[in-house]
Amino acid sequence: MDKSWMDKQRGTREYFEGVKRFVEFASLNARNGKIPCPCVKCVHSQLHPAEVVRGHLNNFGILSNYRTWTMHGESQSTTAPVEVRSSHVHENLNEYGNFGGMLHNLFSMHDMAPESMDEGPSVQQPAEDPSVQQPAEGPNDDAKKFYKMIEDVEKPLYKGCTKFSIFSAVVVLYQLKSLCGWSNKSFTLLLQVVQDLLPLDATLPKDCYGAKKIIKDLGLGYEKIHACINDCMLFWKQDANLEACKFCGVSRWKEQNTTSREPNNASSSKGKKKASKMLRWFPLKPRLQRLFLSPDLAGYMKWHATGRTDDEIMRHPADSEAWKMFDTKYIDFSSESRNVRLGLASDGFNPYGILSTSHSTWPVVLVPYNLPPWMCMKRSSLILSLVVPGPSSPGIAIDVYLQPLIEELRELWDVGVEAYDASSKNRFQLRAALMWTINDFPAYSDLSGWSTKGMFACPSCASDTDSRYLKHGHKVCYMGHRRWLDKDHPYRKEDTNFDGTQDMRLAPVPPSGLDILMDTESLDGRCLGKKAQATFKKRKRGEENVGAWNKRSILFTLPYWRDHKLRHNLDVMHIEKNVTDNIIGTLLGLKGKTKDNPEARLDLQAMGIRSALHLKSSVGGKYTMPHACFNMTAREKDGFLQVLKDVRVPDGYASNISRRVNLKDRTISGLKSHDNHILMQQLLPIALRKSLPASVTRPLMKLSCFFREICSKTLEVSEIENLEKDIAVTLCELEKIFPPSFFTVMVHLVIHLAAEAKMCGPVHYRWMYPIERYLSRLKSYVRNRAAPEGSIAEGYYVEECLTFCARYMEGVETIFNRPTRLIEGSTGPVSSMQLMNIELTQAHRYILFSSKEITKFIELHRKLVEEELQNAHRRISEDVINKHHMEQFCSWLRRHVVTMTDADRARLSDTIITLSRWPYETVKRMKHYVINGLKFRCVDDEAHRKTQNCGVSVVTEGGVTYYGVLTDIIELNYSDRIRHVLFKCRWVDVHSIRGYKVDEFGFPMVNLTRLIHRGDKMTDEPFVLASEASQVFYVADKREKDWYVVVKTKARDVFDAGTGPQRDDDDDAYTYCEHVPYNIRTNDSFDGENDNQGWARDDIEGMTIDAPVSGDLAVSGWDDIDENDVFDDEEDYEDTDDP
């Protein structure tokens, strides 16, 4: 059959005639009047009537590579029509997902589906000369993959199978393997058992390898690039064929059967050479293209421009100043809302999880910020870009491994890449920009090039960092926070309470991109390998001063990088952890953790300040170390730790912190980052109450408030500006209390967090919590300990394929539809019980009083009661009227509706009629119930539990908040038409100071023995609708019997998008539960109190030091410090918990 028409221009007579002949031919093999459509949009994935197919081909064109019409009856070897299996024969084979549509979207961006990028009318091309014979074209690689997968999608698993094709069976089974963490061996065994259960003609793969081959055709692949073992260079591009490093001369190959380490010494073994180091690179362009191949995801990629609420509240990076400034400067980029904004995150972890084995693997992960808050930080959205090999950390040489990614980012900025938008069904030129990096503090140094050690460790203050080397502590402290105060603040002129000097300096200005380029000009292009670093690690005298810079970051090769106001984020997660460790260790005097030790006292003496805390000579050559105002007595430590030991928080709120507390030794240890998060923001202020003087406690509470506010999911610019001022005062107050050794660089960095939040928005998109969780996931891929990086690459590759499939799957559990940990409704046994008349009336009355449709009847009845009582008694109180109204209303409403005329009753809604008839006396009774993302549990069921889910609070229309304890959960049934779940509680009398109060620090406190009623009277109101209840938990105050501090909580998986809360349905939620801030009075100033503060505690005898103290007590100056200590001092901050 003549097929030359396929090469003709659409709209020509030859093309129209050819389409007509093709449709006539294909119709010979039609089933149910439909044939597969081979147009560039349908790509055989859709069945249409012949006339529809003809229209598609005329309008959109036919697949140019479809030369043998096998899908429409043509044999591979002959042109005679034959019977073929069309996809419509097995319409139910893929009932677990639209895999045909998935393949159509997947391959629509390749040559199989060409389309003009312009959305307007197609441009007519000159007609080709029919006398010139066109060369025959075979299918390209993508087309071959496509046809093979189409065959698998359409082929039944076995003859007669109506539910599964080969493709759908493998995808569903492999999806379960991924979700449940099955090993390859267990999956192979499962396939073998399933194969035995199926008919003999079943074509299920026989092992995991065979299943993976089918899945991996959906993947985008990755490249392996050899690297120098000393991290000097990559063997790629023009250096791909080198046998040895051009910088250090070491061979690129591992040594085999030889101990020689001479340069250029390739292995003499006849076996295959193995690279000493290998970088795994996952090309970014196709992965960005794939973000737009799912119609739903493609729509979400434009959320930042089309779905975001634009007001004064920052909920997303798109609301931030940095994002808007970038939009303004680069209008050509921001004008296309589909252009992608990325964040880069990296950190090292031990893939073995064994402390005795030293190995550090560094994945580089990208975050697409186009997505809405409930999606962009989730595992399914993160993109693995690089896997930097171990066994050692690359350090500043990470730039060597970033080269492939940076080159792609430059191309994506300058040119972009053609992409297909499945939501709008058109093509566009996709571009991308890197906004900032996310990393802990050591990785901050590796990525930025600024050394985060020594005298200039703060990258924001840079060369203006205010630091002092402590001669006796052998550490650098970072104070000078008075520079951020208002110019006329009284603290600036104080000297005795600080470091002995006045401070009228201005706050330092962070270096701009241009400043950094100028400072690092002499460092550009130098080798960063380990051998090369040994030559420039220490600056020699007389050399050019480059400050704390040790390289020019490769990120500055991006054209726009210098224009960013913030290039690298300070990680709030690690800062909060280290600050909390400092506070806990110092208050409790924990060995190895406290910042108050004999060396710290000697440094005070050397500085000539706080003489009351200086070491004092004692008998026998010993010394007495006076107790400072922040040191706790044994009794105070017991009270502090007892609060933490006894605290019970809601299920899923935090780990069991009480297990970390040792009352016998008066210590607390083994805290993870999230434990410190909960301690700092919630429990520390409660435990500190009345443990120490208010002059010490209050600044620590203000610091807790700062972290609580800065970690909020929504921020207002005005609030952030207030936080900037408040934290400066708070840190100054801490300087007046704690010794200089307390102020490590991590404590100092707190001063910059508010400014960064103001610039870039909420910290949830810029801290390491989601990244650490993702690294933990990558760690789980390591099954072959001999090749951890290869295991990670292969595991991610397969999961990437499955994630794409999961977007199209139905009827099977995937990463997107996994049930959340808390499923709405009852989570325990359900029983039946019959309510007593009083309880039934109380519950029914609350339902009626809560219904807006009943309001007019409530007003009518109260008016009738009031008139009746006033006629009988001239003077009647409101309490008596309300009592009669509440006792009689339910019965009155039922009589009132029954006695209505038919016409009046017809005007009532079904809800009013149903509610007036009373509920059944027999109700469902539950012990556990989940609603609004919160789990509630009856108090009787918590006797032996470590968690507390019985705390309830309700806010009335008058603004009064009631607190109670949940005692029962029931469901009222109104004629099987309306059901309501009610909580029965013991409510605290919040109208009496014996039941409720607010202490001097602003903490709400309740006495759970002082109740507003017992619930045994008809007028009592023990019930509340479950939908109206909020959750609180109570922390016992050991100093006041029966009194508890109230802590309010919120569901952790709810986001404020500005148009109503959005639920996060991904199971990969943070281990973070947002809470309602206390009303701690952070704006109060206690200058006078601190001025007269005693540095030492007179009520406690000092501690005798056995070891003799020696050393020069002169004030340490710059002349006493080796010049190299300025840059090489090791700071004592802690890295993250190993994921």
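The backbone N, Cα and C atoms fix where each Cβ goes, and this holds for glycine too.
No curator has checked TrEMBL annotations; they are predicted automatically.
Keep in mind that what you see is a predicted model, and the values were worked out from it rather than measured.
Sequence annotations record features per position, and here TrEMBL assigns compositional bias 'Acidic residues' to 1119-1139. What TrEMBL lists as domain 'Transposase-associated' is 3-74. The annotation domain 'DUF4218' is assigned in TrEMBL to 710-821. Here TrEMBL flags 970-1046 as domain 'DUF4216'. The region 'Disordered' feature in TrEMBL is assigned to 114-141, 1110-1139.
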- Task: Using DSSP, tally how many residues of the domain 'DUF4218' (710-821) sit in helix, strand and coil.
- Result: 72 helix, 3 strand, 37 coil
- By DSSP assignment, list the helix, strand and coil residue numbers for the domain 'DUF4216' (970-1046), in that order. 3 helix, 38 strand, 36 coil
- Note on the structure: In the domain 'DUF4218' (710-821), averaged pLDDT is 93
- Note on the structure: Reduced to three DSSP states, the domain 'Transposase-associated' (3-74) has 33 helix, 10 strand, 29 coil
